[in-house]
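Working notes, structure below.
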Amino acid sequence: MTSPAASDTAAVTAAAARRLFVQRFGGEPVGTWSAPGRANLIGEHTDYNDGFVLPFAIQHRTHVALGVRDDGMIRVASTFDDAAVEMPLADLDALFPARRDEIAEWARYPLGVAWALLASGATGAHGIDLAFASSVPVGAGLSSSAAIEGATASALADTWGLDVDRIALAQAGRRAENEAVGAPTGIMDQMASMLGRADAAIFLDCRSLDAQVVDLGFDAAGLDLLVVDTGVSHSHATGGYGERRAACERGAAIMGVPALRDVSVDDLARAEGLMDDVTFRRVRHVVTENQRVLDTVRTLREQGPRAIGGLLVASHASMRDDFEISVPELDTAVDAALAAGAVGARMTGGGFGGAAIALVAHDRVERVTDAVTGAFAASGFTAPTIFTVTPSDGAGRDA
Ligand code: GAF
């Protein structure tokens, strides 16, 4: 388990985007932009309930090489999918959302961002060529989608000279995800990718979109943050994610509030008598998870990262037992990491596959890695991919 220096990986991936640009479009790009994937430290399925989240951007990034055209066409190509798409910018409005199935799925992300920016009143837009390369693992729950959206939004905003802030760019990314891709997700991933800071997490109030930078200090505390990519892939455009969201909306309606953000831990006893068991457990996850985010932020500020382990473990149990979005591979990763001495561990992201995170003392990384790998083998699961992630800066033009 080794992780190359973040700057090396970024340079290699940016060069791959440039190379692809030259191959597919000819000529040189005007520059490259990039945006990171994210890991969520805590606060799962709380964002679309107007609640609290604490994600951080990671060192894995999607880079886009951009070229300017003198017509009104947009062309997109990527190293991770052979399908390239080109069309007039003026046609995007007819494509999304109704006819989105007509184009390759990956292309809906960048084209959806261009569409959302144009729909929000961007003027001065001219044709562009975009070539993407990425080091964000796809399907690992590290939001490779927000990384494409963030890189696109950042590149287009600079090139088209848009007078918009980072929150507006995150909102354009979320609109692309919801309407151009069809995944009913919240705003967490796009905000983390746009606002990320080195060595810090973003404490986001998803109702007001107030964002505070919270120092993590993992390295100073002698800790590493391991990601265990289970290899079990998931999609939020289908199935379970939307069902969980609907259950939360049902619970809020029964409680007579706009969103579960407005239900407190003290209200749970009353909630239990008002709804069926499944809906109640969905509600209990969101309500207690919001409280855990607040407790984690306070604990980080007062005691540092070694003190948050219990909150991470409680978050995982709540997702496994109440929200029911874990899978055996994620539970195995968490249990094995804890048994081998991790400070805390939990699944991260939307669930139904993807990755777990484990906060581990530097001198226990090898032991935890071996323990998780061994537990997967003993259960007959495909070997996981295990690597460290570093809290990193958000989207922007590459140097
Ligand atoms: C996915 C979604 F994209 C986020 O908006 C969030 O809901 C997350 O799942 C669960 O916390 O990453």
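Yeah, the Cβs are placed from backbone N, Cα and C, and that goes for glycine too.
Here is what TrEMBL records for this protein:
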{"type": "ACT_SITE", "residues": "Asp189", "note": "active site, proton acceptor"}
{"type": "BINDING", "residues": "Glu44, His45, Thr46, Asp47, Tyr241", "note": "substrate binding site"}
{"type": "BINDING", "residues": "Ser78, Gly139, Ala140, Gly141, Leu142, Ser143, Ser144, Ser145", "note": "ATP binding site"}
{"type": "BINDING", "residues": "Ser145, Glu177", "note": "Mg(2+) binding site"}
{"type": "DOMAIN", "residues": "20-66", "note": "domain 'Galactokinase N-terminal'"}
{"type": "DOMAIN", "residues": "109-196", "note": "domain 'GHMP kinase N-terminal'"}
{"type": "DOMAIN", "residues": "300-376", "note": "domain 'GHMP kinase C-terminal'"}
{"type": "SITE", "residues": "Arg38", "note": "site 'Transition state stabilizer'"}
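Here the features listed in TrEMBL are placed on the structure.
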{"residue": "His45", "record": "substrate binding site", "CB count, 10 Å": "27"}
{"residue": "Thr46", "record": "substrate binding site", "CB count, 10 Å": "28"}
{"residue": "Ser78", "record": "ATP binding site", "CB count, 10 Å": "26"}
{"residue": "Gly139", "record": "ATP binding site", "CB count, 10 Å": "16"}
{"residue": "Ala140", "record": "ATP binding site", "CB count, 10 Å": "25"}
{"residue": "Gly141", "record": "ATP binding site", "CB count, 10 Å": "29"}
{"residue": "Ser143", "record": "ATP binding site", "CB count, 10 Å": "32"}
{"residue": "Ser144", "record": "ATP binding site", "CB count, 10 Å": "23"}
{"residue": "Ser145", "record": "ATP binding site", "CB count, 10 Å": "26"}
{"residue": "Glu177", "record": "Mg(2+) binding site", "CB count, 10 Å": "29"}
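A gap of 14 Å separates the Cα atoms of Arg38 (site 'Transition state stabilizer') and Asp47 (substrate binding site). Within the set of binding-site residues Glu44, Asp47, Ser144, Ser145, Tyr241, Glu44, Asp47 have a CB atom less than 6 Å from some atom of ligand 1. Tyr241 (substrate binding site) sits 13 Å from Gly141 (ATP binding site), taking the Cα positions as reference. Recorded residues Gly141 (ATP binding site) and Thr46 (substrate binding site) have their alpha carbons 16 Å apart, per Cα-Cα distance. Spatial neighbours are here defined as Cα atoms within 10 angstroms of one another, and by that definition the neighbours of Leu142 (ATP binding site) among the recorded positions Glu44, His45, Thr46, Asp47, Glu177, Asp189 are Asp189. Under the DSSP three-state reduction, Asp47 (substrate binding site) is assigned to helix. The Cβ of Glu44 (substrate binding site) has 27 neighbouring Cβ atoms from other residues within 10 Å, across all protein chains displayed. Of all the recorded positions listed (Leu142, Asp189), Asp189 sits in the most crowded Cβ setting, with the most other Cβ atoms within 10 Å. Of all Cα pairs drawn from Ser78, Gly139, Ala140, Gly141, Leu142, Ser143, Ser144, Ser145, which the record names as binding ATP, the longest spans 20 Å.
Put simply, of the binding-site residues Thr46, Asp47, Glu177, the one whose Cα is nearest the Cα of Ser78 (ATP binding site) is Glu177. Here the recorded positions are Arg38, Asp47, Tyr241, and the one with the most other Cβ atoms within 10 Å of its Cβ is Arg38. Distances between the Cα of Ser144 (ATP binding site) and those of the recorded positions Thr46, Asp47, Asp189 are shortest for Asp189.
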